[in-house]
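**Student:** There's a structure below that I have some questions on.
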Amino acid sequence: MKQETTVLVGISGGVDSAVAACMLVDEGYRVIGLNIKVLDSPESNPALQPSSLVISNREEFRIPVYTLNLSKRFREDVIGYFQEEYLAARTPNPCIVCNKKIKWAGLLEAADMLNADLVATGHYASTAFLGGRCRLYQGADKKKDQSYFLWMLQQKELLKTILPLGTLAKPEVRELARSYGVPAAEKKESQEICFVPGDDYCRYLEQAIPDLAERVRGGELVDASGRVIGHHRGYPFYTIGQRRGLGASTGEPIYVTSIDPVHNRIHTGKKTDLLSRELTASGMNWIGIEPPKKPFEATARIRYRDAPTPCRVTPLEDNRATISFHSPKSAITRGQAAVIYRDDEVLGGGSIVETTQ
């Protein structure tokens, strides 16, 4: 019975999570909200605290909301990861790590403390229990689909998760927000990384890592033949596919094609030099299927806005896999996620560690 089921909903202060909570109230669940703090002082009280956060101006959708300060964990597991990835010449995706280690971990821990049966978020994705497994699917609104960011979730998290917005488009969510009396109904969305002001990660790294100048120095910028065409200011400030800010004039557009931290060298080339047919991913997490033993056909995405592309997936030892695309992909980037799909279903994913042209 829904009336006897308590759902703890992650409340961010935005429209999506508020609507998710109101939908669950509307469906008859007992709903509690949890606002996870990640940018407060790590020394402040880490225990659950009552919050004055209101998700709706209508009395029937007023729910108790608690806050949980996970700033210390966020600094270690997300910000620390973000910095170290750039120092290792990889391009991180902090939102994926945050979903796994902060949002779902925090929700499930708080659910135990509050005796909640399930957890929910406002992500645009959906789940279904089929064949003895909880399966993860893309959201119906393909422009907003966030399944790419959820590939690290495992059965223990998904089996306790409800994703109410999975069948809705963003305009429908805003319309529901108005009908539910959600104050954030017209709130604009932020596309920035929450801890990087102005989305300027270069300036952030300079300010956040005191000894960055000692750990990273300028080096050579070379073309496809190895000829020095300029100098870079430090490899963490560059990413694969970058064209702007290279400081070299060759008479034609050039792009960062690879980063060599060992020799402190940035390699550049033409746009066609960015094309690759194959990647290797590590840390594979299989959601919709048992860890495969044989190659199989699927589609894969190599970045959030990427369209799923037909490929062949070959499992390897040590929880790795090779993904061979049927047509070349541009700017496959180490550190980003490769997420594997069958139609709309997320089969699994991993972190890109190597590419092959």
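Count begins at 1; order follows the chain as displayed.
Every residue, even glycine, has its Cβ placed from backbone N, Cα and C.
Not my notes, these are from Swiss-Prot:
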{"type": "BINDING", "residues": "Gly10, Ile11, Ser12, Gly13, Gly14, Val15, Asp16, Ser17, Ile36, Gly122", "note": "ATP binding site"}
{"type": "ACT_SITE", "residues": "Cys98", "note": "active site, nucleophile"}
{"type": "DISULFID", "residues": "Cys98-Cys194", "note": "disulfide bond"}
{"type": "SITE", "residues": "His123", "note": "site 'Interaction with tRNA'"}
{"type": "ACT_SITE", "residues": "Cys194", "note": "active site, cysteine persulfide intermediate"}
{"type": "SITE", "residues": "Gln336", "note": "site 'Interaction with tRNA'"}
**Student:** When DSSP is mapped onto helix/strand/coil, what comes out for Gln336 (site 'Interaction with tRNA')?
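**Tutor:** Assignment for Gln336 (site 'Interaction with tRNA') reads coil.
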**Student:** When you rank Cys98, His123, Cys194, Gln336 by Cα distance to Gly10 (ATP binding site), which of the recorded positions ends up on top as the closest?
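**Tutor:** Its closest listed neighbour, by Cα, is His123.
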**Student:** Counting other Cβ atoms within 10 Å, pick out the least crowded of the recorded positions Ile36, Cys98, Cys194.
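**Tutor:** Across Ile36, Cys98, Cys194, these recorded positions, the one with fewest Cβ atoms within 10 Å is Cys194.
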**Student:** For the binding-site residues Gly10, Gly14, which one has its C-beta crowded by the most other C-beta atoms within 10 angstroms?
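**Tutor:** Output for this query is Gly10.
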**Student:** Compute the C-alpha separation of Ser12 (ATP binding site) from His123 (site 'Interaction with tRNA'), stating it in Å without decimals.
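**Tutor:** Their Cα atoms are separated by 11 Å.
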**Student:** C-alpha of Cys194 (disulfide bond) to C-alpha of the residue listed as 'active site, nucleophile': distance in Å?
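**Tutor:** Given the Cα positions, Cys194 (disulfide bond) is 11 Å from the residue listed as 'active site, nucleophile'.
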**Student:** Neighbour count, 10 Å Cβ-Cβ cut-off, for Asp16 (ATP binding site): what number do you get?
**Tutor:** 25
**Student:** Which is it, of Ser12, His123: the one of these recorded positions whose Cβ has the most other Cβ atoms within 10 Å?
**Tutor:** His123
**Student:** Tell me, how many other CB atoms lie within 10 A of the CB of Gln336 (site 'Interaction with tRNA'), whichever protein chain they belong to?
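**Tutor:** For Gln336 (site 'Interaction with tRNA'), the count of other Cβ atoms within 10 Å is 26.
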